[in-house]
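Annotated ATP binding site per Swiss-Prot: 34-41, 662-669, in sequence order, evidence recorded as sequence analysis. Marked as domain 'ABC transporter 1' by Swiss-Prot: 331-609. Here Swiss-Prot flags 629-958 as domain 'ABC transporter 2'. Sequence annotations record features per position, and here Swiss-Prot assigns zinc finger to 761-787.
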Amino acid sequence: MSELKTISIRGAREHNLKGIDLDLPRNKLIVMTGLSGSGKSSLAFDTIYAEGQRRYVESLSAYARQFLEMMQKPDVDQIDGLSPAISIEQKTTSRNPRSTVGTVTEIYDYMRLLFARVGVPYSPATGLPIESQTVSQMVDRILAFEEGTRLYILAPIVRGRKGEYKKELAELMKKGFQRVKVDGQFYEIADVPALDKKYKHDIDVVVDRAVVRPDMAARLADSLETCLKLADGLAIAEFADKPLPPEDTAAGGSANKSLNETHERVLFSEKFACPVSGFTIPEIEPRLFSFNNPFGACPSCDGLGSQQKVDENLIVPEPARTLRDGAIAPWAKSSSPYYNQTLEALGKAFGFKLSSKWTDLSKEAQHAILQGTDDKIEFNYQDGARSYKTVKNFEGIVPNLERRWKETDSAWAREEIERYMSAAPCPACAGYRLKPEALAVKINKLHIGEVTQMSIRKARDWFEVLPENLNAKQNEIAVRILKEIRERLRFLNDVGLDYLSLSRNSGTLSGGESQRIRLASQIGSGLTGVLYVLDEPSIGLHQRDNARLLETLKHLRDIGNTVIVVEHDEDAILTADYVVDIGPAAGIHGGQVIAEGTPQDVMANPKSLTGKYLSGELGVAVPAERRKPKKGREIKVFGARGNNLQNVTAAVPLGVFTAVTGVSGGGKSTFLIETLYKSAARRVMGAREIPAEHDRIDGFEFIDKVIDIDQSPIGRTPRSNPATYTGAFTPIRDWFAGLPEAKARGYAPGRFSFNVKGGRCEACQGDGVIKIEMHFLPDVYVTCDVCHGKRYNRETLDVTFKGKSIADVLDMTVEEGVEFFAAVPAVRDKLQSLFDVGLGYIKVGQQANTLSGGEAQRVKLAKELSKRSTGRTLYILDEPTTGLHFHDVNKLLEMLHALVEQGNSVVVIEHNLEVIKTADWIIDIGPEGGTGGGEVVATGTPEDIVKVERSYTGHFLKELLDRRPAGKREAAE
């Protein structure tokens, strides 16, 4: 059979698609573009990917299927020519604190193998390589214990491994051994209970029981030799009379202890031990370097690298306040007189009053309040009618909160205390996450933790020259491992992530970064014959790195894959082999293929809006004149040092539209979000944000509100929707409750809520669907057969306005809602603001968890726009053009500039040059990412920036300003 040349789709009707018929070439780079909400994702993800994935999963056995997420069958007549599909979406990787860039890309797994096979252990005490111990050295060490010490000499034959071990125990009995220690208990071998093979076990053989005496060297040597033979070079001397406190054992919750570690013990190894300090490394194997395994994880922080500690700066966030005014944050909200009476007693002892500012207290007094007192103090308490006196040490706020945090079972109390805690690097492992034994193993003078903290760029150089520093035997072992590591580092470099470090927590990555990491992992896997579907991989990527990303996508295509990319980036569209433009507009007005073919075909098609923007017929105009910043009206940040910022001092002018630009990882978000926004939120809005390190910030007196409009979901449950979030649902319910029929029945607005009993359908509890769990198939959501998906009971649905019930209103698009409620300003204005941000196509009651990041951000923007402006608000947006077509960018810019016209200030972090060129002022941070960035490269108007040689942004902006004519801001029709 000849190989299929196309993916043929017939009758695709998922979501708003209007029965699309389409033939896509296989093994090509295909870009799907079109207005936001036109149906690109419905076609790429919900139809093509869903069907490719579903068919692959269906080919597996029923047993395997239960572990995989099954996709629903999309609404399509027929698809031919599909391959197994892999989707790489915009979701951030993992919120798990144990997940790092190294573990996600599997580079860390290869590094563990490398260190286990060619690493050399060094003694922390002497700094010299560790040699193996001889039996005589072990005997001398035991004889040095106090005479009369009772010991068990044990051979650890099983250490933290799963299994039943019946055969091994029977073998031991044959050899004449009688007792074993299993999971912390001693047993006669015949009496050992059956072990569950699903759990990890520890088994030590009791080789000898001895009391230390000078004349027993020969017997000890004999016993130790037996141990070393049994346990592959290991032996343990356990002190029979020195039990460990319960909290230091595995049973007491110490995750990184062997179950057999119930008493103090000394581990001997004929492999690795320091003769001076006796520091011993049990066995060098890959799991010793895993911070997710008890054998490698640092016992203090359980391999997290940081510990939650009460932070004194959060206890006293505003030191200029007086004690009575609430300088001590955890006590400020309480109405109980107890806290003030406690402070009065401390004041008598340390000479301060409640009217004193925190900064005026002596160091001794501050220490006493925060950390407690050694001396006893007299406290007088009066509680209504009761008064009493007590003399005691004062525990201190910090120890008190830490104790309560450890002891409490209440999640609420824990959360409350965590507001005053911050993560500090673990003092035991210095943030490297591993045991001292693992950090003692080095290659070329560095341990594994130091290598993971390098940037990917530096690590790549280090691994390149590593073979020169290894001997012939080490090189022979390492050659294949190094090849894998180098390749993966190269791919990360190719997708523009060379500024990240391998130890970076994956939860702190942006959506674009985590998508590109997964992309790098996919290239590393080297699969061919696969269908890849990607969602805007260029998000968060500077124009400079775009070419490298596109090369990566072309590489995926060249090795024999079909790559479908949903993308708005001009370079990506022009690089594609085949472009599909979906439109003509959003929502119900979209869902059709407007143009398809090569980029030139699309540009030549008069119907294609995308084509008009690509050919330059339409465009975002450069403003004829830019607003001039007023002298002195600015927020100035001094000495910002968070993450990679290098003592940055920069001013953000107010009353203008400012763009913060620069390459990925340069420090834009650290400067704008972590430093400026968090300080402003704290000072202006009283929020409990912890800003990144800086000296001071001036100019907050010019603003009365600061709002960060980000891309996080507007709600995580299906019950949250645009109407509830923007506040439109309240006037809608009030309106229905005011209708004559509702009044006659005595219905209040609560009757029209699907979240509370009364008006909602109780069969599905207002969800409209009922979830049925199917173990080998995807969970099935069936429409509720009582309310038929309407979410309300019949009585509530009897109340109608213009023939529509409340359920019909929730099912309207925003555009229909604006028309329907034209005579109800309270509802119309809120829906109009959603329509203005280009969301006319979403349903009024659309579930929040089905909105994309860009849509969620625009819903938030609409909510802010519908509020009455004070003209003194600072709006901060991080990449607002995510998911926006050129045409939508035009609309968005109109709205942002409208906010500025009202006297507000707008600051955006942006890579999109169409936005940057319309800015009044630019702050360019860089020049490189990571350690090569963190400086202000240039500030000024776009025309000023293009003259700065060091600015990458200026370089790309120059091409654009030279190419496009100036004019008024073009209205988006």
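Think of each number as a place in line: the chain as shown, counted from 1.
Quick reminder: no glycine exception, Cβ is built from N, Cα and C everywhere.
Overlay of Swiss-Prot feature records on the structure.
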residue: Gly34; record: ATP binding site; Cβ contacts under 8 Å, 6 or more apart: Lys40, Asp581, Ile582, Gly583, Gly590, Ile594, Thr610, His885
residue: Ser36; record: ATP binding site; Cβ contacts under 8 Å, 6 or more apart: Ala586, Gly838, Gly854, Glu855, Gly883, Leu884, His885, Asp888
residue: Ser38; record: ATP binding site; Cβ contacts under 8 Å, 6 or more apart: Asn16, Ile582, Gly583, Pro584, Ala585, Ala586, Gly590, Gly591, His885
residue: Gly662; record: ATP binding site; Cβ contacts under 8 Å, 6 or more apart: His542, Lys668, Asp924, Ile925, Gly926, Pro927, Gly933, Val937, Tyr952, Thr953
residue: Ser664; record: ATP binding site; Cβ contacts under 8 Å, 6 or more apart: Gly496, Leu497, Tyr499, Gly512, Glu513, Gly540, Leu541, His542, Asp545, His911, Gly929
residue: Gly666; record: ATP binding site; Cβ contacts under 8 Å, 6 or more apart: Asn644, Ile925, Gly926, Pro927, Glu928, Gly929, Gly933, Gly934
Same-chain residues at least 6 beyond the ends of the zinc finger (761-787) whose Cβ lies under 8 Å from its Cβ atoms: 62, 65-66, 69-72, 718-719, 753-755, 793-794
Neighbour count (Cβ, 10 Å) for Lys40 (ATP binding site): 27
Lys40 (ATP binding site): secondary structure state under DSSP, collapsed to three categories: helix
PLDDT averaged over every residue in the zinc finger (761-787): 83
DSSP residue counts for the zinc finger (761-787), split into helix, strand and coil: 0 helix, 8 strand, 19 coil
CB contacts for Lys668 (ATP binding site) [other CB atoms within 10 A, all chains]: 27
For Gly34 (ATP binding site), the three-state class that DSSP assigns: strand
